[in-house]
Amino acid sequence: MAGGEAGAPLLEKKEAVYREGCPGCAVERRKTLNPGVPYKEFFHIWTIILASCLPVSSLFPFLYFMIRDLYIAKTVEDIGFYAGFVGASYMLGRTLTSTAWGMVADRIGRKPVIVLGLFSVILFSALFGLSVHYWMAVSTRFLLGSLNGIIGPIRAYAIEVCRPEHHAIALSLVSTAWAIGLILGPTIGGYLAQPTEKYPKLFPVDSLFGRFPYLLPCLCISVFSFPVLISCVWLPETLHNHNTDEKEDQASESLTAIFSTTEVIVEHNITSTTKNNVLKNWPLMSSIILFCIVSFDDMAYSEIFSLWAESDRKYGGLSFSSEDVGQVLAITGVSILVYQTFIFPRIIRVMGPINTSRVAMSLSVVLLFTYAPITHLSRPWSSIAVNIASILKNNFLITIVTSSFILQNNSVTQDQRATANGLATTLMSFCKTFAPTGGGIVFSWAQKRQHVFFFPGDQMLFFLLAIVELVGLVWTFKPFLVVPDQFSSN
């Protein structure tokens, strides 16, 4: 009664699970008939994620001036204090609601949550640009983070619209779109904020944008998001609407991921560990913890990198201008797009997510020790070195993040996948809420110890970042990281 007899009914069930009127079954049938890469669905996912993440960081180039113009800070030194609350309000809102949005997506479908998230981007991005009071700026950012629950369900959706052999491409697409959005967002904010000062011939002082100097970048994001919202009319739902047992049988095909493992083993293993509570699913939770460690390091690095690059050389910095830093980030963004599209899927297919993460984390730790010596180089060598370091560092990061996505989505069945991704987003947002504050405090402390013998100033900055990444590297080994059976050979 073992092997063959147990496996046959499951394979027969797979044929019977295609129900008329079930949107999830319609997607599964299409995947069976069309084994190629679903380029149209992937492009749709890419635009949705881009629209969702553009407002996350678009405010940072002009936030200092916005707080100044709101007259909430009594002194110039207080501007950073008040700006921190505006920056953190989005992450706080996302922390409080991401798990709930994942549960909603698992109950009623991915599409409604995606539509509501895009609508919130359109509405609250524009309202933030219209803010004339500090409380309005904080509340609109908080509501945007609370109601934009896209990132968890869209990760689940990405692997549900494609066959298992395309999962690595799907999840690297999610990471790429998010990374590009986090780079394009500040570019839009930096170039389009205060347009009456920068482009007086196009935007007169007495125009709408003279009264609301920070509306234009926010409005552009809303305008971009509107056609993306309309296009969701043609977005296919992937959640099955029949009973749970059938949904789990259908989900088994997706859970085989990149490596060929028997469908019966994967279904039995994952169903037995996740049917009660995702918090008790250690393969899921251990991969989420890895994701949180890397996210904390990424947010702290992003904060420290800009401050370090723009600080004076006498304080261990590079004396870069904001335009110089923007150029570095733009080049890095292009490299991420190329790497994630053409290189990462091949690497993950050969090495698997575990070994890929370990190699990327190890190389990233070594790379961090090369940043401090760059300050001793003259132009243009310092610019070249920083660009190379930034390209490598960010692509290592994206590699680890995407690998953790693969592990997370293969640790649960479809009916819990959006909840799992929502939980991951909640914990990641919680970590990212504290990382900028911690990074800023460490940077200020390091600036005051430039002449000490042991790890002076800038060296201490990157040494502490390396320590965080070393913790992440240790976490990729047993007994900390427990992986689904199909990846256990890594």
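Heads up, the Cβ atoms here are built off N, Cα and C, so glycines get one too.
Record features (TrEMBL):
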DOMAIN    41-484  domain 'Major facilitator superfamily (MFS) profile'
TRANSMEM  43-67  transmembrane segment
TRANSMEM  79-101  transmembrane segment
TRANSMEM  113-136  transmembrane segment
TRANSMEM  170-194  transmembrane segment
TRANSMEM  214-235  transmembrane segment
TRANSMEM  288-308  transmembrane segment
TRANSMEM  328-347  transmembrane segment
TRANSMEM  359-378  transmembrane segment
TRANSMEM  384-407  transmembrane segment
TRANSMEM  460-477  transmembrane segment
Among 43-67, 79-101, 113-136, 214-235, 359-378, stretch most in contact with the transmembrane segment (384-407) (C-beta, under 8 angstroms): 359-378
Candidates 43-67, 79-101, 170-194, 328-347, 359-378; stretch with most C-beta pairs under 8 Å toward the transmembrane segment (113-136): 43-67
Close approaches to the transmembrane segment (359-378) from elsewhere in its chain (Cβ under 8 angstroms; 6 or more beyond its ends): 308, 313, 316-318, 351, 385-386, 389, 392-393, 396-397, 399-400, 403, 458-459, 461-463, 465-466, 469-470, 472-473, 476
Leading stretch by Cβ pairs under 8 Å, where the reference is the transmembrane segment (79-101) and the options are 43-67, 170-194, 288-308, 328-347, 460-477: 43-67
Intrachain residues whose Cβ lies under 8 Å of the transmembrane segment (328-347), provided they are six or more past its termini: 168-169, 172-173, 175-176, 179-180, 183-184, 186-187, 309, 320, 356, 383, 386-387, 390-391, 394-395, 398-399, 402
